[in-house]
Amino acid sequence: MTCDTESVWKKVRHGTASAAEARADEKFDSVDRSCATVNPTMTTIIDGNEVADQIQSEVSTCVDTLRDDGVTPGLATVLMSDDGASETYVSMKQRTCEELGIESFHHEIDPDEPAEVLFDRIDELNEDPAVHGILVQMPVPDHVEKRAVLERIDPVKDVDGFHPENVGKLVAGNARYKPCTPHGVQKMLAAYDIETEGRDAVVVGRSDIVGKPMANLFIQRDDGGNATTTVCHSRTDDLAAKTREADILVAAAGVPEMIDGEMVGEGATVVDVGINRVDADNEKGYELVGDVDFESAKEKASAITPVPGGVGPLTIAMLMYNTVKGASLQSGVPVDLP
Ligand SMILES: NC(=O)C1=CN([C@@H]2O[C@H](COP(=O)(O)OP(=O)(O)OC[C@H]3O[C@@H](n4cnc5c(N)ncnc54)[C@H](OP(=O)(O)O)[C@@H]3O)[C@@H](O)[C@H]2O)C=CC1
Ligand SMILES: Nc1nc(=O)c2c([nH]1)NC[C@@H]1CN(c3ccc(C(=O)N[C@@H](CCC(=O)O)C(=O)O)cc3)C=[N+]21
């Protein structure tokens, strides 16, 4: 079956028409709404692993450039937690480092130790010339002040981009390290030719690591920015009314499957940042679900990211990207990052 909607929604995906324009399109109203339900394949399922692989292969070329000049990029990860999910993420980061030829230095600190032990370790890593990037896995224990941890890291080695100096540079439009998850979302949209300029972006969540930097990137006068951006949170009144208006909807609330099809406008791009472990009757005893109810949202969306295999792999790819950028900045050896 051929479907005229394809061309309309392709325009939406590529940003040459907004979802509202497509909805108003006469052809869509008369022919294609039925088409949309009959032909669910028109929704693009964004493949985060594929985009991450592409970025990592480009980052790997930059690693070779640095190594040719005698510089081996190094990333230090610090884990002060017994949480299983955190352990998984940190080991994924180490594995990707290995694949790309980035040296990884892993440090574990007992979560019962006083904050000073972590601060001392950060001080050592700040001084270590083999370490170009430092990542302290969040969350840290309650007795350790998160803000103090972020401020302790040398901003030039802060590959998460969470230090206030780096936040300031990002907001000012002069980013040093773009935070990995929102930067990954930008790269993912670009890879699928999904335009942000002039479109309505709605971000659900205002955390320092995802929601706020995502909104900041969307409003920059830059590629991947120039979107009109709304930031929602737990005090937002009538959330569904806001999310339905989105051309690009980013869910980062940490609430399993809270965004369902009813909250998604026809033709929107839905980016699910959420990674939630929920109990399941399988070997692991849990499964991963996003903040989006994938099945119902997919019926409305023109493009959607899955969990797993969506934003997560991009977060790791952009951490590698920032580590290589750090190695280049600290060594003075130029690299051609994508
Ligand atoms: N894919 C990836 O690479 C990554 C995934 N994540 C995942 O993304 C999710 C969000 O993480 P993070 O930003 O650190 O989470 P936080 O818990 O720090 O922030 C959650 C945000 O969502 C808002 N929120 C919570 N409940 C609701 C609700 N019912 N309606 C509207 N807004 C709500 C909160 O509002 P308020 O401020 O008012 O409390 C807060 O701003 C988690 O599932 C996390 O695991 C995180 C990092 C990377
Ligand atoms: N300082 C700091 N920086 C972070 O970037 C940071 C952090 N702390 N704390 C926790 C969150 C979470 N996070 C993820 C990264 C990759 C996946 C990822 O690759 N997920 C895979 C699946 C993983 C699995 O199987 O469990 C996927 O979505 O396909 C998920 C989550 C980084 N975070």
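Even glycines carry a Cβ here, placed using N, Cα and C.
The following features are taken from TrEMBL:
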| type | residues | note |
| --- | --- | --- |
| BINDING | Gly205, Arg206, Ser207, Ile275 | NADP(+) binding site |
| DOMAIN | 46-160 | domain 'Tetrahydrofolate dehydrogenase/cyclohydrolase catalytic' |
| DOMAIN | 179-328 | domain 'Tetrahydrofolate dehydrogenase/cyclohydrolase NAD(P)-binding' |
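Location within the structure of each feature annotated in TrEMBL.
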{"residue": "Gly205", "record": "NADP(+) binding site", "Cβ contacts under 8 Å, 6 or more apart": "Gly211, Cys232, His233, Val250, Ala251, Ala252, Ala253, Gly254, Val273"}
{"residue": "Arg206", "record": "NADP(+) binding site", "Cβ contacts under 8 Å, 6 or more apart": "Lys212, Ala215, Val231, Cys232, His233"}
{"residue": "Ser207", "record": "NADP(+) binding site", "Cβ contacts under 8 Å, 6 or more apart": "Ala252"}
{"residue": "Ile275", "record": "NADP(+) binding site", "Cβ contacts under 8 Å, 6 or more apart": "Ala85, Leu288, Gly290, Val307, Pro308, Gly312"}
Could you break down the residues of the domain 'Tetrahydrofolate dehydrogenase/cyclohydrolase catalytic' (46-160) into DSSP helix, strand and coil, giving a count for each?
61 helix, 16 strand, 38 coil
On the three-state reduction of DSSP, what should I expect for Ile275 (NADP(+) binding site)?
coil
Just report the maximum Cα pair distance in Å for the recorded NADP(+) binders Gly205, Arg206, Ser207, Ile275, no decimals.
16
Considering only the binding-site residues Gly205, Arg206, Ser207, Ile275, which possess a Cβ situated under 6 angstroms from at least one atom of ligand 2?
Ile275
If you run through the domain 'Tetrahydrofolate dehydrogenase/cyclohydrolase NAD(P)-binding' (179-328) with DSSP, how many residues end up as helix, strand and coil?
54 helix, 30 strand, 66 coil
